[in-house]
Amino acid sequence: MLKKISLAILIVLNLGLRLYKLDSPIADWHSWRQVDTASVSRYLDQDLSTLFIPRYHDLSNIPSGLENPNGYRMVEFPLYNLLHVATHRLVPSISFDASGHLASAIISTFSLLFLFLLVEKLYSTRIALISAALFAVLPFNIYYSRTILPEPLMVALYLIGAYFFTLSLTSTGRKSVLLLLMSSFILSLSLLVKPYALFFYLPLLYLAISTLGWKHGLPRLIFLTLLSIIPLYTWRYWITKFPAGIPASDWLYNKDGLRFRPAWFRWLFAERISKLIFGYFGVIFLAFGWIRPKTGTAPWFAHFFFISVLAYFAVFAGGNVTHDYYQAITMPALCLLSAIGLDYLLTSFSRVRTYPLILLTLGLTLFLSWYQIRTYYQINHPEIIAAGEYVDKTLPKDARVIAPYMGDTAFLYQTHRAGWPHVTTGIQQMIELGADYYVSVNYDQQTNDIVNNENYTVIEKNPAFVVVKLH
């Protein structure tokens, strides 16, 4: 009973913390990436046929190097976007953006539940509860598991698939086959949402071999991998037919030769894991989790899980160093290893000496991490929201706009119009591409030249923004 009550409290806490600033516009940290995801959802809400040919508001050649007049967005399969739309239709009383935050928060709650179930099966109820608690309250994870990004869904699907795979290893007959097929299907969805999930098959390989041995465990993992990778391969083949919608991705691997250079270590381990995620002090638990003597029925699972994180950091060095949201999918592994370390401190040393130290360390971890993360919720440029609202109320729905914001699509998204986040060529050439209006929130040289050009008509001009009709 106590276990169920504790888990219920954590589920409510997890969801409640992620409802913070639920109705906040997408103009906060990493809004450029969030609006691209939300834009696909918006198009999907208008036309469900875009599920297989995703579209969004950016018509520019910035992502792919090719003009994209149809606004194709060919990255992950839009399963997350489908859930975003479903949430919006089920809860129409809140804004479309709030629906995305709510969808992510609910998805994150499933992540917590299956993290608990997986860890309880492999280790203990206490370690499972600690893992779930860390997952629920770490500020970095709170923020990124309520953002409008596909990462929360990938995490949830991976944990669900891993749990069913674990059950299949200890079952027999038809039940084992059924669980394996369920696991393969769910993991295939996680790969469709984010192929990075493939890195976390390593701890599954360990589980298969440690439970069934090399002779039976390895073939089972190979079968799981092949079955789950087929939909991903099919999707990747399909999107090659729309090259204008495929963003350049070579930089994700080793941008500027960062891999294993001092900057790689500094950004990933000092700035991200130590500072942002664990508020400096929480890495103590991570370290004790690594060195703890064997515990549980699969004592090395957490270690292989963490090694998967290191492999992910190494292969996608450019993406991980450049953007901190790339570390969002590592949270289950980090929470598990830290929970093992925290449990070790709770059970192996004098309570009088360790309990106050643990409480102090946890307090500093949460405080210092939150001190960094709190700024992520801030909207530093409310003028893009004001300009977007004016455009949405005033201009024709089919108007195409130029909303220059240094190539960032956050401003363009606020207009609810397709267009360009940057002047990629001459204004006349942009008009020939279909641009109808120019909207700007700063009066730079380019904007002033357009405003003062007698060939264009100023629709609205105020200290916050200007709207110009181009023809």
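Each residue, glycine too, has its Cβ placed from N, Cα and C.
Looking at 197-215, 273-291, the stretch flagged in TrEMBL as transmembrane segment turns out to be 273-291. Computed over the domain 'Glycosyltransferase RgtA/B/C/D-like' (99-235), the whole-number mean pLDDT of the model equals 97.
Pairs of Cβ atoms less than 8 Å apart link the transmembrane segment (126-146) most often to 325-346, out of 98-119, 298-319, 325-346. When each of 273-291, 298-319, 325-346 is scored by its Cβ pairs under 8 Å to the transmembrane segment (355-373), the top-ranked stretch turns out to be 273-291.
Long-range contacts of the transmembrane segment (325-346) within the same chain, counting only residues at least 6 positions beyond its ends with a Cβ under 8 Å from a Cβ of the stretch, are 30, 33, 111, 115, 119, 123-124, 126-128, 130-135, 138, 140-141, 144-145, 147, 149, 151-152, 154-155, 158-159, 194, 196-197, 200, 268, 272-273, 276-278, 282, 284-290, 292, 295, 301-303, 305-306, 308-309, 312, 316, 319, 354-355, 358. Shown for the domain 'Glycosyltransferase RgtA/B/C/D-like' (99-235): DSSP residue counts in helix, strand and coil, namely 124 helix, 0 strand, 13 coil.
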